[in-house]
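K.L.:
The active site annotation in Swiss-Prot covers HIS53, ASN126, and the record cites sequence analysis as its basis. The annotation heme binding site is assigned in Swiss-Prot to TYR336 on the grounds of similarity to another entry.
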Amino acid sequence: MAPTFTNSNGQPIPEPFATQRVGQHGPLLLQDFNLIDSLAHFDRERIPERVVHAKGSGAYGVFEVTDDITDVCAAKFLDTVGKKTRIFTRFSTVGGELGSADTARDPRGFATKFYTEEGNLDLVYNNTPVFFIRDPSKFPHFIHTQKRNPETHLKDANMFWDYLTTNEESVHQVMVLFSDRGTPASYREMNGYSGHTYKWSNNKGEWFYVQVHFISDQGIKTLTNEEAGSLAGSNPDYAQEDLFKNIAAGNYPSWTCYIQTMTEAQAKEAEFSVFDLTKVWPHGKYPMRRFGKFTLNENPKNYFAEVEQAAFSPAHTVPHMEPSADPVLQSRLFSYADTHRHRLGTNYTQIPVNCPVTGAVFNPHMRDGAMNVNGNLGNHPNYLASDKPIEFKQFSLQEDQEVWHGAATPFHWKATPADFKQATELWKVLKKYPNQQEHLAHNVAVHASAADAPIQDRVIAYFTKVHPDLGDLIKKEILELSPRK
């Protein structure tokens with residue numbers, strides 16, 4: 001039986017396109033609620049887009065534990081090999097707006113919500129293992145340089161490179177970005193990385209520093225700069241189309257999940273800080289350990305309801321998983337939930353895609369607010385009332401905690417020559433793959449050729465610190481693309 005067409009209060013509407021007016025040619029009547037209702041709702045269809053990661057695609061799936069890591073983490077969804085947990089993953093570009101191209105040279109967001117028996121766990125990752133900053137106060141400044149010039153409203157190569165070359169801790173991520181890894185062939189064919197260091201603990205009270213890797217079972221495939229640019233013009237929704245059509249056809253993408261771990265003692269001996277988001281952990285010294293696999297096997301039924309309204313936050317954790325003292329991660333614990341309250345409202349966790357699978361959110365003092373639609377805990381007192389017993393569930397705590405000593409002090413994590421070491425190692429690794437060093441130099445030169453000459457000179461100097469050969473290649477092509485008088 002077909003549904004009956006109604007207005008917003010459920011009244012049946014016999015003719016949706018008829019309007020009330022005076023005679024055949026007179027003015028419209030304000031009493032025509034069907035028209036006013038329709039226009040008023042249309043005027044409010046759009047909500048604020050994400051300030052970063054605005055353009056995205058999503059799908060549901062399942063995570064399965066493949067290997068026992070209970071010696072590292074006692075989270076319940078990991079307690080049994082073969083145990084399955086429903087998930088929702090959202091992929092995205094970072095800097096572009098909602099209508100931007102999927103193939104832009106940009107990091108890709110890789111956020112996954114695990115609907116566990118102990119609440120929702122959000123793993124809010126990227127497709128690169130490092131990032132541009134390690135000082136959180138730099139984030140708004142950095143993002144502004146990757147977006148539009150406030151005067152011209154155009155992307156601006158001078159802004160882009162001025163920031164990066166004066167904040168040299170960015171160089172490792174910039175090397176990744178301007179390699180062909182910066183233009184993935186699809187969301188299916190890229191990895192995901194925690195980037196940040198987290199703390200996981202077991203039932204013995206022991207804790208570990210952890211890095212997480214999602215390795216694509218489809219392999220890594222990339223686009224050249226020219227292929228990405230061509231697709232941006234011919235099919236800007238290329239990655240969305242690829243993901244949706246493959247899942248619809250039963251070609252379900254999957255990722256195998258690994259961790260790297262460090263003890264506190266190992267972290268103290270490491271040649272870099274485990275809280276430095278611009279560094280990777282060498283696999284030879286801190287080996288990968290498999291723990292699971294997830295598969296995306298279900299497309300959303302409604303993009304706005306399930307993808308646009310999906311809300312992830314690294315503050316959404318479960319027992320035995322917690323953030324480290326990484327300062328950028330610490331700042332994200334606040335900013336992600338804050339932007340969701342701005343975009344979606346204070347009750348954003350009541351939106352179905354964001355609801356815990358248990359449905360058991362019980363916090364008597366968190367009540368009311370715009371769009372509270374879950375019953376608002378009925379007549380239960382809006383505080384912890386002594387005559388209304390509440391269970392406070394206990395779980396094992398870490399016996400050995402981190403200890404911090406010191407006065408409150410301003411700290412700026414300034415760049416040093418050591419920040420070029422891993423970038424130089426990456427440059428040497430690229431030599432093992434055909435044309436990858438040349439592609440990196442070409443991609444940088446094409447982008448930087450749009451900048452003014454003084455900025456170009458800084459770009460050349462920046463990459464020369466990585467390796468003289470890289471600086472020479474970039475200089476040669478920049479001068480060919482933008483000859484100087």
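Cβ coordinates are placed from backbone N, Cα and C, and glycine is handled just like the others.
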K.L.:
If I restrict to non-local contacts, at least six residues apart, and a C-beta distance under 8 angstroms, what lies near the residue listed as 'heme binding site' in its own chain?
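P.N.:
Sequence-distant Cβ neighbours: VAL124, ALA311, PHE312, SER313, PRO314, ALA315.
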K.L.:
For ASN126 (active site), what is the tally of other C-beta atoms lying within 10 angstroms of its C-beta?
P.N.:
24
K.L.:
Please report the Cα separation of ASN126 (active site) and HIS53 (active site) in Å, rounded to an integer.
P.N.:
10
K.L.:
I'd like the number of other C-beta atoms within 10 A of the C-beta of HIS53 (active site), please.
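P.N.:
Cβ-Cβ neighbours of HIS53 (active site) within 10 Å number 23.
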